[in-house]
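These notes are about the structure you will find just below.
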Amino acid sequence: GNTYSANNKQQTDIEQLMPKYNSTFAKMNGNYSYKLIWDDSMVSDALQEAKEQYSTNATFKIRRRKVFIKGDNATMEEKVEGALKYPVLRADKFLRRLLWFTHYACNGYYDTKGGHDVLTVACLYREIDYKNSHY
């Protein structure tokens, strides 16, 4: 018999965090909002970074993987905040040194496939040299 039939819903076990948790990422970077500009064009790069494909070009990066037990009833917002809180705090002196108008984006994914749930998040910060950019 085919054991996969009825239970094999066409639903993925991996949830991408953007765009749904954009405001959560912005909140976690809130101390630096005076100098940072969210850049939608970097969102897919941030996902690649979370997936450990390190080709992304960025001035500074934060990446964190956090494991949750199945049935953890924290909201996804709480999980994302919990995952980013300490990496952002630890990065404070680097984030403060970033140039004004640094572009940034975060992304990640929540994977429920294995015995535990795994949240992986990444934020990329890219300094933009406006002196040499032509519009």
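Cβ atoms are placed via backbone N, Cα and C, with glycine included.
According to Swiss-Prot, the feature signal peptide maps to 1-5, an assignment based on sequence analysis.
Under DSSP, Asn22 (N-linked glycosylation site) is assigned to a helix (H, G or I) in the three-state scheme. In sequence order, Trp38 are the residues of the chain that are 6 or more apart from Asn22 (N-linked glycosylation site) and have a CB within less than 8 Å of its CB. Under the heading N-linked glycosylation site, Swiss-Prot lists Asn22 (among others), citing sequence analysis as support.
Around Asn31 (N-linked glycosylation site), the same-chain residues at least 6 positions away in sequence with a Cβ under 8 Å from its Cβ are Val88, Asp92, Leu95. Sequence annotations record features per position, and here Swiss-Prot assigns N-linked glycosylation site to Asn31 (among others).
The N-linked glycosylation site annotation in Swiss-Prot covers Asn57 (among others) and is backed by sequence analysis. A simple way to gauge crowding: the CB of Asn57 (N-linked glycosylation site) has 8 other CB atoms within 10 angstroms, across all the protein chains here.
The N-linked glycosylation site feature in Swiss-Prot is assigned to Asn73 (among others); the stated evidence is sequence analysis. Applying an 8 A CB threshold to same-chain residues 6 or more apart, the list for Asn73 (N-linked glycosylation site) is empty.
Under DSSP, Asn31 (N-linked glycosylation site) is assigned to a helix (H, G or I) in the three-state scheme.
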